[in-house]
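Reviewing the structure listed below.
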Amino acid sequence: MEERSVVCGNALEEARGKEFELATDYYLSHTMQTLLEGCDVNSLCSFLQSCAKDFPSIAMDRSGSHVAETAIKSLSQHLQDNDVYSVIEDTLNAICKVIVKNPGDLMCDCYGSHVLRSLLSLFKGVPLDSSEFNRRKSSSVLAERLNFKAFRADTDISPQAVQGFPGLLDFLVSGMSKCIQNNIKTMQVDQYSSLVLQSALKLLAGDEEKLLQIIPILIGCTREEILEGDSIKTTKARNILYLMKETAFSHLMEVALEVAPEVLYNEMFTKVFRNSLFELSSHHCGNFVIQALISHAGSLDQMEVIWEELGSKFKDLLKMGKSGVIASLIAASQRLHIYEHKCCEALAMAVHSSNESSTCIVPRILFLDSYFYCEDKSNWNWPSGAKMHVMGSLILQGVFRFQNEFIQPFITSITSLNADNILEAAKDSGGARVIEAFLSSDASAKLKRRIIMKLRGHFGELSLQSSGSFTVEKCFTVGNISLREAIVSELLTVQSELWNTKQGPHLMRKLDVDGFAARPDQWRSRQESKQSTFNEFYSTFGSSETKPSKNSSFLSDDSKKTSQPNKIKQMREEIAHLQTSPAPFLSTTGFKRKPNKPENSSKKFARNSADDDVPKVKNKSKNIVTDT
């Protein structure tokens with residue numbers, strides 16, 4: 001390695017004065033990348049300082065951009081060494097001074113924009129191989145908007161994995177801001193500058209001072225106007241609304257709304273978006289901005305405005321294919337605890353009329369496009385074999401997170417599905433998540449088991465699928481002892497295949513399939529003991545609202561009373577004993593797959609137990625074991 005570093009350093013030394021020609025040559029650029037990866041930090045900095053004046057030209061070349069990014073990445077790998085930090089900072093400072101003279105060229109170039117984004121990440125201290133900022137998946141953004149994942153603003157906005165250069169970040173962002181002011185019309189609609197600015201805003205998240213400097217410039221205002229309470233002028237607001245129908249600007253505004261300080265968000269909400277929500281929601285680009293706006297609404301007053309403009313437009317939005325706006329509105333309603341019942345009513349009314357049975361609600365939402373594109377909607381039927389609508393399934397997942405009293409039509413609809421439709425839903429990745437959401441909802445245990453019973457005979461088949469295995473696990477968690485035995489018995493028939501799947505080993509351990517196969521009576525006893533201890537725990541420590549009913553054990557088939565221990569010590573010993581069993585009770589809630597709703601809280605558990613009025617039947621476990 002020492003010889004390699006020396007050879008690479010000597011080669012770069014001989015390249016002095018010819019850096020641009022070598023870096024932009026299609027073939028030799030690959031050699032330059034190899035040299036930059038293999039040399040020591042001094043040779044690397046010497047190379048970059050020598051070509052600093054040509055760095056923008058290298059970065060904007062098809063081949064040179066790869067050389068530039070390789071050099072930046074190599075620099076980032078030396079930042080842990082404090083002895084060379086000042087040398088690297090001087091090198092980057094020389095490059096930065098050249099860039100800020102005319103950052104617009106780099107920002108609007110398809111190759112240069114990538115290099116500039118890498119520099120911004122390096123200055124912030126974000127790892128260059130991190131996709132969190134530069135190539136953040138739309139699924140991650142969607143999960144945040146629909147409450148399946150905490151907003152990054154609520155967690156760790158920019159993990160500092162390496163040492164950054166805050167002074168250089170400020171210097172570069174200031175230079176970019178001045179360039180935007182002078183070329184605002186071009187920058188607002190250019191797709192590459194939009195990507196650079198999106199990265200900059202994400203990296204500045206949480207820094208209100210800098211965000212109040214750059215975001216107003218993007219919408220044609222100034223920081224002083226916002227802070228002094230001067231309203232965004234009508235003409236400017238109209239221009240912003242027009243720009244939000246442009247692809248590049250709409251994406252930029254999504255990020256701006258995500259990171260905007262409260263004072264700026266409120267001003268934009270009131271002066272730009274108010275009275276234009278439905279207009280933008282109807283546009284193929286603008287609707288994504290509205291989704292971001294709704295997802296970051298922080299007050300009841302703002303939700304009232306949103307509901308006033310969009311509450312009566314659910315059916316229109318679904319017809320236009322803008323279901324994402326409705327999903328965001330449902331999630332915001334749930335997050336702020338306002339208009340929850342009205343959201344559920346409006347959604348139900350959007351897909352069925354008052355003279356129709358509510359049983360059609362869930363199927364129509366699962367196949368939104370199929371239903372709304374159907375000319376004869378009165379004769380629409382479940383399109384067997386068709387893929388379920390992604391956003392429709394996400395909407396239903398959100399609905400089943402509401403309180404039980406708000407979602408009765410949806411509960412009636414899903415429990416009315418026949419066994420074939422339930423099975424088809426369980427085999428679809430989106431439909432499976434809907435079933436899991438229902439099983440995690442406030443609905444009674446009796447209704448949940450009705451769904452599980454319709455899947456009997458197919459648990460082995462579902463467990464072999466990557467998405468179906470989670471549904472099987474959820475069914476096991478919710479089911480009573482006899483249903484659990486039936487599930488495990490079916491898994492035994494596909495045991496060898498299950499061990500070869502990704503989720504199979506976890507499922508086998510979680511359900512203790514081997515324990516059931518070896519000693520079914522002991523397996524059943526462990527399941528009953530876990531539930532009994534859980535009930536006793538909440539009888540002792542839970543509030544009066546979370547204590548389970550004495551005669552409604554969630555797992556047991558036979559009605560039985562659980563005695564509260566006289567001493568806490570006795571209960572602790574029992575819990576400690578259970579923790580040594582093959583499948584501890586607490587482990588049944590330890591594995592969650594995003595974006596699923598967390599396991600039921602104690603309050604929900606108590607409610608399910610109280611509602612569990614399933615007629616008790618005799619224990620048939622021996623027959624099941626014999627059949628197996």
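Just so it is clear, glycine is given a Cβ too, placed from its N, Cα and C backbone atoms.
Annotated features in TrEMBL:
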type	residues	note
COMPBIAS	540-567	compositional bias 'Polar residues'
COMPBIAS	578-590	compositional bias 'Polar residues'
REGION	540-628	region 'Disordered'
REPEAT	271-308	repeat 'Pumilio'
REPEAT	454-489	repeat 'Pumilio'
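Over the repeat 'Pumilio' (271-308) the predicted model carries a mean pLDDT of 95. Secondary structure counts, DSSP: the repeat 'Pumilio' (454-489) has 25 helix, 0 strand, 11 coil. The residues of the repeat 'Pumilio' (271-308), classed with DSSP into helix (H, G, I), strand (E, B) and coil, number 27 helix, 0 strand, 11 coil.
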